[in-house]
Structure formats: structure tokens, C-alpha cells
Amino acid sequence: MFSKQDQIQGYDDALLSAMNAEEQRQEDHIELIASENYTSKRVMQAQGSGLTNKYAEGYPGKRYYGGCEHVDKVEQLAIERARQLFGADYANVQPHSGSQANAAVYLALLQAGDTVLGMSLAHGGHLTHGAKVSFSGKLYNAVQYGIDTTTGLIDYDEVERIAVECQPKMLIAGFSAYSKTLDFPRFRAIADKVGAYLFVDMAHVAGLVAAGLYPNPLPYADVVTTTTHKTLRGPRGGLILAKANEELEKKFNSAVFPGGQGGPLMHVIAAKAVCFKEAMEPGFKTYQQQVIDNAQAMAQVFITRGFDVVSGGTDNHLFLVSLIRQGLTGKEADAALGRAHITVNKNSVPNDPQSPFVTSGLRIGTPAVTTRGFKVTQCIELAGWICDILDNLGAADVEANVASQVAALCADFPVYR
């Protein structure tokens, strides 16, 4: 029998030590990985609730197990809030991750071997958009488009040319490292020209979309997926959205369960419901505007300091810095910044001469630092510190000086007050 007083402390101190160390790292380090953010304690409360005990295969009102009357209400709340937040007619809140939401879309709309056209991972796309190492590149005939390496922008005429040539059954719009605004009407027109489904993966910009600061793909796409973390600032999970279409809705539901998953994670669905409610608060738009302002301010510092920012700047929460001209690798830059307690991720850039394990770029994002309360002033200062380290790569004194300034800034802006 379990006790309500059970604690990890004193029972599994080795595990607790690692957990506490990670929480301390989050407080003491500046987080600039574009896909990371901090959730509210409300989201954490939902994830740590007794809902984790309940199996609930199926959908609200159509479960395969009994005792689901309360979790049905939880899931229905999440569904209704997701629909309201994004202006969708349909929402499936069960996918465990963005990749599983994407896999469900493939399963619902395609047959193995069908042709899909998505953005190349090397040019800012995502693994699930047709990369050879992903299920999307193994089970389907994946054709890739990229950016114009001169402008750093998607060349929609070229996307259309490739689409006409390969006749995809599904056209994918979305990215993991593209800093400009996607033209959803143009993607729709290209999809219509070749008779393809248009699938939009808005995982990185869902929070901006919810705040009305980035175009909403729902009016144009046959289906939209997103994660619920990143800019949306919720738990790690996935979400599928669409306009009203009874036939497609049934396909999406079946592709999630039983097609790709068993029982949903009800504690995570509850946390999604919390984050959707938080995203409807007036302050959420203010936060998202600050995310954009901070990213644009940081990108400008890099440009001023002589670094190449892919696409020439940013319209959203992230930007990609090419280190090719400086003769540096993303791997060594990532490590040097880590020693100064600044966390970024190495990232491939277009026409990267290095392997994906080394790379020639850094991806930088501002959702997490903005959650801490950083404004443009702090982000300009932070970008300058990063440039100092990159200009003096391996200089221990520079790293130590930056680390001390990082410590002071983190103390002034704790993650949780």
C-alpha cells in the first residue's frame, strides 16, 4: 500500500540528485535552444496528478475501458480549448509527441510508397518531413525542396516546379530552423495544382499563431500538427488540427488510435488543457511579441558583429547563424558556449560542408529566455557575449568572464520566482 507521504527523497537519492541537478542547471544556465521552454507550475501539477493512473483507450464517450467519466471531461476540455485557440473544427489531443502526430497524418492520408514533398532537413526542415533516417523517408517516396542559398528564402516557384515534376500525394509546409514567414496561400495553390493534400507542421510557431502574430495555416491546410511545448509553453506532446471534414476526421482518429498508439496519457492531456487556457490569457500575446522582438534584436547583433544570419534575419522566435565565414564549427561553438553556461544547439546550414554531428551553424531561439523575463536590453547584451566567445573561441578568460555575467543575469531573472 502506498502512502500520501511517499517522497523520492530518502528512497532514491541517486535519482533525486540528478533531478535536482537538472533543475539547478535550468536556473543557472541561459536556455537558447529554440525548441525548449519552461512550463508553468500549473502544467506540472497536471502532469504530476493521479490521472497518470488511468487507462483510457478510445475517445471521449467511446472508451474501451470503464471508469472514464472524469477523464472524458478532461480530454473534452482540452479538445474544446484547442479548437477555440486555433480556430479549428477538429482537434485530436492524444498524440504523445509532434513526431507521432505527424506519423498519424501519414498513416491517415497515404499508402506506403506514396510520394511526399517536404523541406529538406539540411535546409531547415524536420526529420519527419522526409529525411532518409526517419519513417517518413523510409516508408514513403520522399522528395525534398530547400531554400535559395543566395537569398536564404524558400523559392516557391522552385517548390512548384518540383511538385509538378514529382506529383506528390502530400505537400508538407513546416520547419525546425527557418526564420521567415511561410506563404500558406502559395503552398495551398501549389498543392491544388498537383492534386495533393497540404499538411502544415506548425510545431515551432504554434504559440505565435495562437497569439495572432504568425499566419494561421488552418484556413489553407487539409491538416495541421503541432507540438504543445516550444512556443506554446505546455507539456511535451502533440496535437492534430483540421477544418470540418467528417471523412478525414475519422481517418485521423483511427490513425492515432489504434493506428499508432494505445492508451492516451491522460495526465499530459490535462496539462495540454492547462496550457491552452494559459494561451488564451491576454498576457500570452504580450509574451509572444516579446519573443519575436528579442529574436530580432539578437539577430541584428550577430549581423552587426559580422556573422551571417541565414535568411538575413527573423520573423519569428529563432534564427540560424552560419559560422562558415569564420571557419568555425557548430560543435566547437556549442561546446564553448556551454562552458559559459549558455545553451544553444549546433545546426546544419544550407550547403554545410560539415556532417550533421559537427555542422557549421548555431540555431538560437528566444522562447525560454523570454519566459524568464528577458527583454530586448538583456537579449542584446546576451548576443554580444555570444559573439565575444565566438570571436575568441577557446579563450578561457573570455568564457569565465561571460559565465560570471550569465550567473548574475540568471540570478536577476529566475525561472520560477
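Every residue gets a Cβ built from N, Cα and C, even glycine.
In sequence order, Ser99, Leu121, Val133, Ser134, Ser136 are the residues near Leu127 ((6S)-5,6,7,8-tetrahydrofolate binding site), counting only same-chain partners six or more apart with C-beta under 8 A. Residues or ranges marked as (6S)-5,6,7,8-tetrahydrofolate binding site by Swiss-Prot on the basis of sequence analysis: Leu121, Gly125, His126, Leu127, Ser355, Pro356, Phe357.
DSSP classifies His229 (site 'Plays an important role in substrate specificity') as coil under the three-state reduction. Neighbours of His229 (site 'Plays an important role in substrate specificity'), defined as other CB atoms within 10 A of its CB across all chains, total 26. What Swiss-Prot lists as site 'Plays an important role in substrate specificity' is His229.
Look at Swiss-Prot and you will find Lys230 tagged as N6-(pyridoxal phosphate)lysine, backed by sequence analysis. Its own atom aside, the Cβ of Lys230 (N6-(pyridoxal phosphate)lysine) has 28 Cβ atoms within 10 angstroms in the protein chains shown.
Site extent for (6S)-5,6,7,8-tetrahydrofolate: among the recorded binding residues Leu121, Gly125, His126, Leu127, Ser355, Pro356, Phe357, the largest C-alpha separation is 17 Å.
Within the same chain, residues at least six positions away from Gly125 ((6S)-5,6,7,8-tetrahydrofolate binding site) with a Cβ under 8 Å of its Cβ are Gly118, Met119, Ala131, Gln144, Ile172, Gly174, Phe175, Ser176, Tyr178. A 10 Å cutoff on Cβ-Cβ distances gives His126 ((6S)-5,6,7,8-tetrahydrofolate binding site) a total of 24 other Cβ atoms nearby, all chains included. Long-range Cβ contacts of Pro356 ((6S)-5,6,7,8-tetrahydrofolate binding site) within its own chain (separation 6+, distance under 8 Å): Ser348.
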